[in-house]
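The annotation active site is assigned in TrEMBL to TYR300. Residues annotated as active site, proton donor/acceptor in TrEMBL: ASP340. Taken from TrEMBL, the feature active site, proton acceptor covers HIS438. Feature annotation from TrEMBL assigns domain 'SAP' to 1-32. Sequence annotations record features per position, and here TrEMBL assigns site 'Transition state stabilizer' to ASN342. Under the heading site 'Important for catalytic activity', TrEMBL lists ASP412. The site 'Interaction with DNA substrate' annotation in TrEMBL covers HIS438.
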Amino acid sequence: MTVQELRATLRSVGVPAKGCKRDLLNALKCFAEKKIDGKTSLTVEEQSSFSAENISVKCSDKDFSKEDCVEDVNTDLEVPGLPQHKGRVKKSGTEGSIIKFNTKRVTKKQNLSIRCDEGSGGMVLDTKRKVSSKIVHEVVNADEGVMPVIQTEPWTVLAHKKPQKGWIPYNPKTMRPPPLTRDTRYMKLMSWNVNGLRALLKLEGFSALQLSQRENFDVLCLQETKLQEKDVENIKQCLIDGYENSFWSCSVSKLGYSGTAIISRVKPLSVRYGLGISDHDSEGRLVMAEFDSFYLLSGYVPNSGDGLRRLSYRVTQWDPSLSNYIKELEKSKPVILTGDLNCAHEEIDIYNPAGNKRSAGFTDEERQSFGTNFLSRGFVDTFRRQHPGVVGYTYWGYRHGGRKTNRGWRLDYFLVSESIADKVYDSYILSDVGGSDHCPVGLILKL
């Protein structure tokens with residue numbers, strides 16, 4: 001928010017607007033400590049994991065009217081820990097108004113409530129630890145009083161270190177097209193890096209059945225299953241009814257590592273495993289299923305690793321080999337490559353581009369390889385074509401609670417042959433599905 005906007009906001013509520021931006025922000029925050037006729041409450045529900053918390057100052061009296069103002073102010077103000085103090089209360093002419101401002105650096109999980117009671121002559125602070133990921137906004141309505149609105153969707157908040165003009169956050173509730181009619185022939189594909197399938201299936205609160213019922217996908221592609229070959233038969237016994245066709249590729253060079261799969265309610269015409277190159281096929285990174293009108297590949301591209309130790313292998317061997325493989329398939333019919341491709345291709349695809357220039361998944365070499373071996377060879381990034389200025393992530397690291405702050409990366413893709421790009425009805429991200437450090441991505445293809 002600009003200094004001019006801050007000054008205008010302060011003047012509108014009768015607060016002196018002097019000094020630099022820091023002074024103006026402090027003045028806005030300290031507004032809560034000014035005495036009013038009636039009651040004032042300041043409620044802060046903070047989360048260390050959320051990038052845009054809300055502080056709401058509610059002022060009300062007997063004459064609260066619909067003409068009262070609501071203003072939004074974006075700041076970089078850090079919320080203090082848990083100060084225990086009482087402040088002087090001075091008279092202010094701001095009855096019946098609401099002020100909201102966002103804080104982007106929140107360091108403690110807490111629920112802070114400040115009450116200014118008429119006649120108390122002071123301010124009382126109550127604090128309580130809070131572990132929920134829900135962010136609660138309290139909205140004042142002139143006729144109905146206070147109504148709590150729960151915000152549990154951090155991905156709907158634009159999170160990016162250097163957002164460009166026009167960028168907006170991805171919101172599947174508002175950006176997905178309406179369902180296709182029953183007389184339209186299509187296939188619904190879904191892909192998910194599950195970061196360990198057995199662990200996911202044991203996770204409390206996760207239901208594969210509910211997910212399949214909600215999404216009603218025809219084919220599910222998995223990456224990083226971390227299964228051994230001896231586990232596959234037991235997993236097959238647990239498959240949801242209707243998805244009897246499943247094909248698994250497991251790592252044999254390192255047990256319990258990598259692994260890919262395709263699970264389908266539609267029986268494919270043929271199935272292949274790997275690239276047909278021994279140097280690339282020991283880690284279970286690729287499964288291909290042939291359907292009537294396209295080839296579908298579930299791929300898990302090697303991560304360049306700590307210290308970028310596999311960067312050279314990835315960009316000089318794996319990427320070109322995979323590219324050549326799918327171009328050879330494309331001679332027969334269109335190709336769909338999906339999975340964790342371990343590359344945030346553009347700056348819009350990563351929360352902190354400047355800080356990750358030499359991080360695996362965002363090096364110049366990987367990004368250039370992604371463009372050269374896939375996009376420049378006629379494959380379309382379906383999500384980016386459908387949403388050119390939209391920030392949508394598919395991976396959030398566990399280490400810093402990235403998912404709750406929406407500080408993520410877009411590493412999971414549906415790439416399709418240019419010849420069928422116009423048949424893509426929807427390319428989407430299921431940001432609300434938990435259980436892994438990745439979320440599923442989906443594609444609806446008209447047939």
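Glycine is treated like the rest: Cβ placed from N, Cα and C.
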Taking only the Cα atoms, work out how far ASP412 (site 'Important for catalytic activity') lies from HIS438 (active site, proton acceptor), in Å, as a whole number. 8
Measure from the Cβ of ASN342 (site 'Transition state stabilizer') and count the other Cβ atoms within 10 Å, all protein chains considered. 24
For HIS438 (active site, proton acceptor), the number of other Cβ atoms found within 10 Å of its own Cβ: 24
Give me the Cα-Cα distance between ASP340 (active site, proton donor/acceptor) and TYR300 (active site), rounded to a whole Å. 5
Find, for the listed recorded positions ASP340, ASP412, the residue with the lowest Cβ contact count at a 10 Å cut-off, counting only other Cβ atoms. ASP412
Rounded to a whole number of Å, the separation of the Cα atoms of ASN342 (site 'Transition state stabilizer') and the residue listed as 'active site, proton acceptor' comes to 11
Give me the Cα-Cα distance between the residue listed as 'active site, proton acceptor' and TYR300 (active site), rounded to a whole Å. 13
Who sits close to TYR300 (active site): which same-chain residues at least 6 apart have their Cβ under 8 Å from its Cβ? ASN193, GLN223, GLU224, SER258, GLY259, THR260, GLY284, ARG285, LEU286, GLY339, ASP340, ASN342
